Amino acid sequence: MSVMHNVSKAVHDRVSTNNPHNSYGINCEGAVNAMDLNRDVSRVVVAGRNVFKIYNVEDDEFTEKFNLRVGRKLNLDFSVSDVAWSHIDDNILASAATNGKVVIWDLNKPSKSKQDFIFQEHTLVLDGSLKIFDIRLKRVASTFSVGSTSIRDVQFCPSNFNYFAFAAADEGGNVQIWDMRRLTSPEKQFTAHGGPMFCLDWHPSEPKWLATGGRDRTIKIWDHALGKLLYSVPTIASVARIKWRPERKYHIASCSLVIDFSINVWDVRRPYIPFASFEEHKNVATGIVWKKDDGHTFYSSGKDNFLYQHVFKDAIRPADKVVPDGLDVSVIGHVTQATKDKTKSLEKKKYSMFSKQPDKGDQFIDAKSFVFSYTNCHQLLSMEWFVNCAKQYILHGRSFEEMCEHNAQVSDQNDRFQVAQSWRMLKAIYTKPTVTKNLLRTESVMSNVSEKPKDKVNQPDTPKSTEKDKQTMDATSEDDDMTDTDLSSIARGQINPPVEWDILFGGADVEQSFPTFGHMENIGPDFKLPKEAFVPRHEIKDPSEVPKQNNQDSPPLSANETEANPANNHNSKVNEDINMLLLMKEVEISEFAFTDCVEQMLKYFAEEGDVQTTVCMLVVLGERRPKIPEEIQDDWFISYLELLARFKLWTVSNTLINLSHLGSISMMNHQSTTINVTCNQCNRVLTKVGWLCHKCKSVINSCAVCHLPVKGLFVWCQGCSHGGHINHIQEWLTISKQCPTGCGHICEYT
């Protein structure tokens, strides 16, 4: 089954190719932390720990106007972390020093030192307070208490929207919107990021839009009136600065705190690829300022000591290099394909000879694709085998041989025969083998038969037995039905022995059958074979002595007589083997160096994408596992845990974490298991008692709706630290999204 969707989106940006400005830069002779432009964009100030200069902005270059790092004593007041130019007077600017001071500079002063006044109200750089200074009266006009959190950025709302409003980004990821006339609490507050937030910016034309960026590597566009997320732009690094592009509603520029040295301009409607990129900086950029009412020119500074003017016509367009085709397979086997439309008849336009065709660099690439979705109907794409193996594999609690054999059977049941064979190979390699070796020793006994007279050749010999021999044979006959005559005949070779006696007669004509190893498993270690297969009737003499009979030589027998007498035929074989003994001995086979083979097998499965087999084998091997770098094993375990999380196999994942031999993996069960409540008055984390703040002595377990103490389950908002009874909070949030205490925070109950 397939479903087709026609996805078409074209975003145009008609950049003027007649822009007289060009891109250029200058070396500021020091790393720059911040920069700003004056009102008429005729001057630019750059500041850092070791640089503080003002440049004139010319058509094709920057020229130095002032160097503010002059004087006899260059202390930390000249080491700047941020700088801003006055919007009223081009000769007044302010800088934030790294020691917590705010310095006012007056460029009209006739002396070399341009310092006008220093505010020292901030005791620390991050003391968790907001202050508004009156530079005319040279004092603090207002102080806003923000609790124990630190403020990372402050931006005033455009005066044409709200003259008294400003927004602050705190280290906890919250956005606080304040009114200068209200000092006790912010007008609105909502959580924008899951970690520290470093920057924010008001939209120049949309009064309700506010952009934020933080350590979570995302740029988020908010409707601050509703606390609603409108757009989200993922980046590859922490976001340090963001600035809306003039005359473009959906365009915003950003630079990263680390790793990424380029400045990207994003279209928030297409967040996964930059609209344009500028890669002049060789280190991270620290400042972005757009030219007033000009969306084609902006200025930037960076840690590479350079100040640049960028012109949009020189930008790199990453979207032009992207192939508009894609293919992906879901975890349940569904396939989605996107392919470009080769028929461009709808996009063709006719231009007259007098009209100018637009430059391709003036607009975003036209993205038009057909999307096909295919439902999984083939067993090959199914991941059912993965789920079955994850649930049925045994990784602990049994012997190594049993686990290997069980896991091999599970793999066989899921048609994964190569994996099953690999499990059995592990079992064969690491199981200590013992085999029994047959050492066959044959004792040759010479015949001790006397030559008979010619008249007694055809008469069988009947040796006489003593009384002791008779008693022994009587005892033996109780368990054996053989008679004395039969035993004598067998010994002489006149009759064939029973089949089970074949092993006792190595030289007999009958076929010999040896016992198998399976019959020897029950033989004890103290077992000894008897010297003879049966109790002899008389003592066997030394065969080296030749007996004498009546001191006469026996006449030779004819050929016919020899063939007719089987006894004489048997006795003529002097060196015939009479008895064959089995000596059982255990032989230990030395272990072969299979470690390299096992390591290659594990890496093979991992490279093929089957991290399940690799990780499970590592766990089952235990101390037998090969020496593989822990960084590689960490990647294998994390990849397998992510797959288990996709299929919601939480129990299997938890078991695997507990069985892991890697410290970084086994510690995952000990992380993020505790959530500390913060005080709703001073924002202090409550570590000892969860309902009493030891700093401000306030009780926080009172319900924000009924104002009664909560006993039992307590709903707590991580943004504003207010809460209450579950049913009361649920009822309140059905009629209002703001906190019932009136703090202005947009609470959400999930």
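For all residues, glycine too, the Cβ spot is worked out from N, Cα and C.
Automatic, uncurated: that is what TrEMBL annotation is.
Annotated in TrEMBL:
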| type | residues | note |
| --- | --- | --- |
| COMPBIAS | 451-472 | compositional bias 'Basic and acidic residues' |
| COMPBIAS | 547-572 | compositional bias 'Polar residues' |
| DOMAIN | 701-748 | domain 'WDR59/RTC1-like RING zinc finger' |
| REGION | 445-485 | region 'Disordered' |
| REGION | 540-572 | region 'Disordered' |
| REPEAT | 190-232 | repeat 'WD' |
Same-chain residue ranges lying at least 6 outside the repeat 'WD' (190-232) that approach it to Cβ under 8 Å = 152-153, 155-158, 161-162, 167, 169-175, 177, 238-244, 246, 249, 252, 254, 257, 266, 268-269, 271, 718-719, 737, 745-746
Taking DSSP helix as H, G and I and strand as E and B, the repeat 'WD' (190-232) has 0 helix, 25 strand, 18 coil
Could you pull the average pLDDT for the domain 'WDR59/RTC1-like RING zinc finger' (701-748)?
-> 84
For the domain 'WDR59/RTC1-like RING zinc finger' (701-748), the number of residues DSSP places in helix, strand and coil | 10 helix, 9 strand, 29 coil
